[in-house]
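*Asks:* First the structure, then my questions, so here it is.
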Amino acid sequence: GLGRPSRECIEGSEPCEVFRPYTCCSGHCIIFVCAR
């Protein structure tokens with residue numbers, strides 16, 4: 001499913017928003033949401 005990026009997931013995660021330090025815990029980023 002889709003999920004929101006989080007600031008708490010830094011290691012081993014994909015950056016999601018360009019101008020903010022948000023990353024995806026799992027899966028990959030599509031624009032500003034995380035897809036598994």
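Glycine residues also receive a Cβ, built from the backbone N, Cα and C atoms like all the rest.
Annotations per Swiss-Prot:
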type	residues	note
DISULFID	Cys9-Cys25	disulfide bond
DISULFID	Cys16-Cys29	disulfide bond
DISULFID	Cys24-Cys34	disulfide bond
*Asks:* I want to verify one value. Collapsing DSSP to three states, which class is Cys34 (disulfide bond)?
*Replies:* strand
*Asks:* Pick the one among the disulfide-bonded residues Cys9, Cys24, Cys34 whose Cβ has the fewest other Cβ atoms within 10 Å in this structure.
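*Replies:* Counting other Cβ atoms within 10 Å of each of the disulfide-bonded residues Cys9, Cys24, Cys34 gives the minimum at Cys9.
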*Asks:* Under a three-state reduction of DSSP output, how is Cys9 (disulfide bond) classified: helix, strand, or coil?
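*Replies:* In the DSSP reduction, Cys9 (disulfide bond) maps to coil.
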*Asks:* Counting Cβ atoms within 10 Å of each candidate's own Cβ, which of the disulfide-bonded residues Cys16, Cys25, Cys29 comes out highest?
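*Replies:* Selected residue: Cys16.
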*Asks:* Please report the Cα separation of Cys29 (disulfide bond) and Cys9 (disulfide bond) in Å, rounded to an integer.
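*Replies:* If we compare the Cα positions of Cys29 (disulfide bond) and Cys9 (disulfide bond), the gap is 13 Å.
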*Asks:* Could you state the whole-number distance in Å separating the C-alpha atoms of Cys9 (disulfide bond) and Cys24 (disulfide bond)?
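*Replies:* Taking the Cα atoms only, Cys9 (disulfide bond) lies 6 Å from Cys24 (disulfide bond).
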